[in-house]
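S.K.: Let me begin by handing over the structure; questions about it come next.
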Amino acid sequence: MKTTIILILLTHWVYSQNPTSGNNTATLCLGHHAVANGTLVKTITDDQIEVTNATELVQSISIGKICNNPYRVLDGRNCTLIDAMLGYPHCDVFQYENWDLFIERSSTFSNCYPYDIPDYASLRSIVASSGTLEFTAEGFTWTGVTQNGRSGACKRGSADSFFSRLNWLTKSGNSYPTLNVTMPNNNNFDKLYIWGIHHPSSNNEQTKLYIQESGRVTVSTKRSQQTIIPNIGSRPGIRGQSGRISIYWTIVKPGDILMVNSNGNLVAPRGYFKMRTGKSSVMRSDAPIDTCVSECITPNGSIPNDKPFQNVNKVTYGKCPKYIKQNTLKLATGMRNVPEKQIRGIFGAIAGFIENGWEGMVDGWYGFRYQNSEGTGQAGDLKSTQAAIDQINGKLNRVIERTNEKFHQIEKEFSEVEGRIQDLEKYVEDTKIDLWSYNAELLVALENQHTIDLTDAEMNKLFEKTRRQLRENAEDMGGGCFKIYHKCDNACIGSIRNGTYDHYIYRDEALNNRFQIRGVELKSGYKDWILWISFAISCFLICVVLLGFIMWACQKGNIRCNICI
């Protein structure tokens with residue numbers, strides 16, 4: 001009975017031991033912010049690591065409309081850019097228009113004489129980058145021919161008409177003399193001339209319009225020469241026409257001369273388009289144009305450019321994020337997340353950063369929890385928090401600066417005869433996208449690794465700073481906590497936090513308390529041993545009592561035990 005009482009008292013004494021319960025000591029733990037549910041990011045060393053906060057770097061959706069600010073966006077409606085340039089009857093509204101971005105719709109249609117442009121993509125790109133359809137008529141002299149040819153396939157209102165920027169020349173009477181016309185460029189800018197050649201559907205149509213059985217058109221400058229011969233023959237009818245017109249273009253530099261020579265089939269220029277160098281462009285899109293502000297436009301609509309990457313569309317205009325294949329890339333903007341444990345062992349003591357993070361910290365990423373004679377408390381450390389935030393805040397802006405394109409990514413178009421070039425261009429573009437996608441993932445992983453290492457380092461700096469302040473007045477308990485061997489009220493804790501703690505003031509008291517406490521203090525390891533020993537002794541005593549009861553009962557005859565062999 002005495003043994004049992006002693007064991008009970010010993011067990012109660014062990015459980016009642018708490019290193020921080022005395023009025024002459026205190027416990028100070030250092031910790032960091034944590035959240036219940038963090039965000040997974042990728043680093044160089046880990047595919048998935050949880051952090052307290054992260055920012056998405058990939059813009060994956062558009063706003064569904066094209067913003068008309070800060071760029072001048074011109075809605076082509078039913079006209080392509082080339083149709084507007086040639087002077088289609090239903091595109092007259094676009095004469096002399098200016099734009100930063102010309103939007104071509106899928107609803108475009110043709111209502112004039114059927115034509116083709118052998119180098120359509122190049123002409124479209126040149127006109128688009130010029131950003132204007134500013135046209136100047138010139139006094140070409142076409143002697144001995146009939147000008148202003150018209151076609152029933154090209155109606156302006158109810159009347160037969162033709163492309164307003166071109167002059168269709170046919171015979172005059174029974175003659176079509178050889179034409180030789182020159183036009184110098186005395187200006188200080190490039191001139192773009194549009195001209196063409198008519199391909200009749202039959203020999204009869206050829207002689208009916210031009211007298212000669214076969215015409216010829218030669219257009220030359222000091223730098224170039226083009227000679228085109230008509231291809232006479234029937235073709236599938238378009239708007240009642242089996243003939244075709246091929247459109248060509250010539251750029252005349254300042255000081256150069258345009259020379260036109262023809263003996264038939266000439267579709268002559270009426271003047272020139274003034275060439276300008278700029279970053280205007282053209283884009284095919286059916287997204288509506290609205291009043292809003294966005295510096296990046298895609299065929300899907302405008303997108304914000306506050307992220308370094310996007311996977312909305314390869315084709316962009318303006319200051320846009322870099323296109324990559326990934327749907328998501330997250331940049332760590334917080335520290336490694338270690339959710340707080342709700343139960344921290346048998347004694348319920350406060351814990352430091354080695355064990356877990358602290359949820360609910362609102363005044364900093366790093367901080368202190370303490371337990372002293374005045375109770376318990378928590379406070380953030382603003383200096384270490386600000387040091388980490390300052391280094392992290394610039395990461396997103398630096399990534400955006402490295403990746404945002406300050407130019408437009410134009411659409412690539414090639415004719416069928418340039419199929420091999422188109423395949424090569426596609427291969428190059430796909431390779432660039434693959435390379436950028438890899439670089440983006442690597443860049444983000446490196447930045448995330450740096451962020452986590454940085455925040456861990458700031459925690460360690462704060463711990464070392466606190467340890468150097470306390471010196472021999474405290475003992476490192478492990479887990480990010482210190483046992484302070486002197487009375488340390490809230491003012492004392494505050495001096496440790498703000499770096500004004502003077503360990504000399506408390507040195508004698510701490511040394512005295514350390515020697516007194518160590519004489520009777522049982523470490524947690526010894527407590528565990530005592531608990532196990534007491535448990536074993538209790539089990540042994542129970543067995544002894546049970547065996548003694550059985551032997552007593554057998555002697556009294558209350559229990560009979562038969563052993564058979």
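Glycine residues also receive a Cβ, built from the backbone N, Cα and C atoms like all the rest.
Per Swiss-Prot, the features are:
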- Cys67-Cys292: disulfide bond (DISULFID)
- Cys79-Cys91: disulfide bond (DISULFID)
- Cys112-Cys154: disulfide bond (DISULFID)
- Cys296-Cys320: disulfide bond (DISULFID)
- Cys488-Cys492: disulfide bond (DISULFID)
- Asn23: N-linked glycosylation site (CARBOHYD)
- Asn37: N-linked glycosylation site (CARBOHYD)
- Asn53: N-linked glycosylation site (CARBOHYD)
- Asn78: N-linked glycosylation site (CARBOHYD)
- Asn180: N-linked glycosylation site (CARBOHYD)
- Asn300: N-linked glycosylation site (CARBOHYD)
- Asn498: N-linked glycosylation site (CARBOHYD)
- Cys554: S-palmitoyl cysteine (LIPID)
- Cys561: S-palmitoyl cysteine (LIPID)
- Cys564: S-palmitoyl cysteine (LIPID)
- 1-16: signal peptide (SIGNAL)
- 17-529: topological domain 'Extracellular' (TOPO_DOM)
- 551-565: topological domain 'Cytoplasmic' (TOPO_DOM)
- 530-550: transmembrane segment (TRANSMEM)
S.K.: Would you mind reading off the Cα separation of Cys91 (disulfide bond) from Cys112 (disulfide bond), to the nearest angstrom?
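M.R.: Rounded to the nearest whole number, the Cα-Cα distance is 11 Å.
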S.K.: Mean pLDDT for the topological domain 'Extracellular' (17-529), as a whole number?
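M.R.: Per the prediction, mean pLDDT sits at 86 for the topological domain 'Extracellular' (17-529).
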S.K.: Could you give the Cα-Cα distance between Cys554 (S-palmitoyl cysteine) and Asn37 (N-linked glycosylation site), in whole Å?
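M.R.: That separation, Cα to Cα, works out to 65 Å.
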S.K.: Of the recorded positions listed here (Asn53, Asn78, Cys112, Cys320, Cys492), which is spatially closest to Asn37 (N-linked glycosylation site) when Cα positions are compared?
M.R.: Asn53
S.K.: Write down the Cα-Cα distance for Asn300 (N-linked glycosylation site) and Cys292 (disulfide bond), rounded and given in Å.
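M.R.: That comes out at 15 Å between the alpha carbons.
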S.K.: Measuring Cα to Cα, how far is Asn53 (N-linked glycosylation site) from Asn498 (N-linked glycosylation site) in Å?
M.R.: 27
S.K.: Take the C-alpha atoms of Cys154 (disulfide bond) and Cys492 (disulfide bond) and report the distance between them in angstrom, rounded.
M.R.: 94
S.K.: Tell me the Cα distance separating Cys112 (disulfide bond) from Cys79 (disulfide bond), rounded to the nearest angstrom.
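M.R.: Computed Cα spacing between Cys79 (disulfide bond) and Cys112 (disulfide bond) is 12 Å.
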